[in-house]
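In TrEMBL this protein carries:
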type     : residues  : note
DOMAIN   : B:6-183   : domain 'Cytochrome c assembly protein'
TRANSMEM : B:20-41   : transmembrane segment
TRANSMEM : B:61-81   : transmembrane segment
TRANSMEM : B:93-115  : transmembrane segment
TRANSMEM : B:127-147 : transmembrane segment
TRANSMEM : B:159-179 : transmembrane segment
TRANSMEM : B:199-221 : transmembrane segment
Amino acid sequence: MPDLGKYADAVLSSYALSLLLIFALVGWAVVRSRKARAALEETEQRIKNRG
Amino acid sequence: MSIWQYANPKKFMETTGPLLPWIGAASLTCIVTGLVWGFFFTPDDYRQGSTVKIIYLHVPSALMAINAWFMMLVASLIWLIRRHHVSALAAKAAAPVGATMTVIALITGAIWGQPMWGTWWAWDPRLTSFLVLFLFYLGYMALWGAIENDDTAADLTSILCLVGSVFAVLSRYAVNFWNQGLHQGASLSLDKEENVSDVFYYPLLVSIGGFILLFVFLVFLGTHTEIRARRTRALLARERMS
């Protein structure tokens, strides 16, 4: 760990908040993608079964 | 072979789907490399001290915040002129990514500004235009969510995107337009005298590359999601009518 001196709080909080937001964005996008895929597959299957 | 063949949702998904894991992996590699290199293996700046390490997050996110809006502008123009649904959906998918990048740029800028400028915030031209750009992102997403008809939503959000582009341009060039405010000039410049020192420049470039790839990854993934959601809505509507 580098010596960040008196600005350690500023640097570390910048990294923590930014990475948190990036992880949240990627997680949200992946979950939404899976839900949309599942919803489409379920709808197509239902229509197919009904003929 | 024409670029417009990718306006076909099926063709778009077939082409970009297999690329997604590769773009995601490349993005992760570049971001981790850029941030680890910048955080652990670069020296402190003689004036800014260790706060210079914030540059590896602030500059790439600010760059993407502005360029995401320009990408949305191009996609919106394609929708308005050629009525290709994929372009409207790609613009819609880019908005949350751009908004998040704007928040990261604003937060990291404020955290950096407090020890360097002595204030978290100033009504400086660049900071203010960035805040307005963020509000445009929120308005753009709210408009998409508020209108049920996809085509009408795409029309109105495209117009909003054209209007908001003024602030995207202002965000980019505010420091050149007004010789006032706290924000310094661009960190990256073709002029070697103005550019950041090489020791900070190369990890910054890697980090920027990672953010660009992350943006592409998230826009492709989000466009796939929107195409599937649109197809589901169309099937459900057809089902209700039959």
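Using the three backbone atoms N, Cα and C, a Cβ is placed for every residue, glycine included.
Long-range contacts of the transmembrane segment (B:199-221) within the same chain: residues 16, 19-20, 23-24, 26-35, 37-38, 41-43, 45, 52, 55-57, 59-61, 63-64, 67-68, 71, 90, 93-94, 97, 101, 187-188, each at least 6 residues beyond the stretch ends and with a Cβ under 8 Å from a Cβ of the stretch. For the domain 'Cytochrome c assembly protein' (B:6-183), the model gives a mean pLDDT of 92.
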